[in-house]
Amino acid sequence: LLAVSEELDEAELAALKFLSREQVPRSRLEAVRSAHDLFEALQEAGALEAGNLAFLRELLYFIGRIDLLAAHLGSSREQVERELQVPRAGGARVPPYRYLLFQLSEDFTKDELMSFKLLLDGTLPRSKLTPETTMLDIFIEMEKKGLLGKDNLSVLRSLCEKINISLWNRIEDGLNLFGQEEMLITKEERGSTGGPEGCLALPVAPVFPGSCNISSQLEAYKMTSRPCGVCLILNNHNFAKAREAVLEHKYLRDRNGTDVDAAALKNVFSKLHFRIEEYKDLTADEIRNTVNIFRREDHEDKDCFVCCILSHGKKGIIYGVDGKEVTIRELTTSFTVQNCRSLAGKPKVFFIQACQGNAFHKGVTIEADSAEQDASVERDVRFQLDCIPAEADFLLGMATLQDYVSYRSPREGTWYIQALCQHLESRCPRGENVVSILTAVNREVSRKTGERNAEKQMPQPIFTLKKKLIFPVN
């Protein structure tokens, strides 16, 4: 316990305290100043006992510290997931309601947190709504004031509806997933329908996070090879050749900020045990030749292949730095069973950061990853992207819908790649599958708004996966 406590930072301690509020008396919990204090409090409450650290394993799993499970508790993600699905006679568990609040707190943007504080000004003391106040702090204060509880979600719903309805949808979906639909009924609705009064009983062992009853039964792709596979990054920045050679590309800008994206991708996929191969400023033919090199490589002892393409583009197309076109379909089809037998039955993952339609010039703060300056981007969205082969085991993560633009900050990188890397880094340690992670990326990017003309962007994942795809961390 001492070894584990020394590995935890302040934010992780706050998360553990929040998740333990059903097990430790409130006054005792508020006196906790360190992870060591918390473990002592849990021992006093009977939640941690010699020879039975199941609750601690659950807590570490929920906050994504899988490394501590392996290093200090002799456990693994898979073992905890099995434990979470086996009913036990007694023993502490984090209720679904509290776990969902914790998950929700991690999804709040800074602006949404500020809006929450403004709406609660006058309801909660201002001393509890300082710039340092976190979303978990707010939930705790709301619980103290009787504004939030496992049978009292109406205030939370009202606030979320005012700020961002998708926040409430996450709670609603989660309660449905855990079989807790009745908790969505407000006190008023219970009174008018004659429904159950008071607190609702929660199951002893909820389904583990990031899954549902169906998906939890799905087999996962094997991801035990080290390295797990190749992560190929095609990073196009300098488009001087295109501007010189192709008249229609004379306005095609260099993709300043793309190296920030490439660095983020290298960082996260290195942690996920991929061998990184980066190629910069490739012409269309060089893109084809590079892809063919990896198509012909023997992937027999690997479990996955990832390709990240950072370039300008238009519908179904990416550009080489010479302004010539390469179809996305051509690149993905290179890794079908017929063209790359050593990847048969293994996931082939493509992340495409490029516009898929007309774009307009956005100055130096926000730029568009497209060649044109046509400002008419409000077209009908067509979802029939003919970009992946008609066979299993492909996943294509597009930065934007067909016909639409995507955005890039010259200093901070692209909206899509930055959100993708952040969510992979935070959610992969929890064992979330990649499809659910891309849904979270969709949510974050769709909330963003450009600084000039209130620009919006909506990513689009397309896949033919037949198993769960979970990138391993340990």
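Positions of Cβ are set from backbone N, Cα and C atoms, glycine also.
Per TrEMBL, the features are:
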- 1-74: domain 'DED' (DOMAIN)
- 96-173: domain 'DED' (DOMAIN)
- 227-359: domain 'Caspase family p20' (DOMAIN)
- 388-471: domain 'Caspase family p10' (DOMAIN)
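Taking DSSP states H, G and I as helix and E and B as strand, the domain 'DED' (1-74) has 45 helix, 2 strand, 27 coil.
Counted with DSSP, the domain 'DED' (96-173) comes out as 55 helix, 4 strand, 19 coil. Taken through DSSP, the domain 'Caspase family p20' (227-359) splits into 45 helix, 35 strand, 53 coil.
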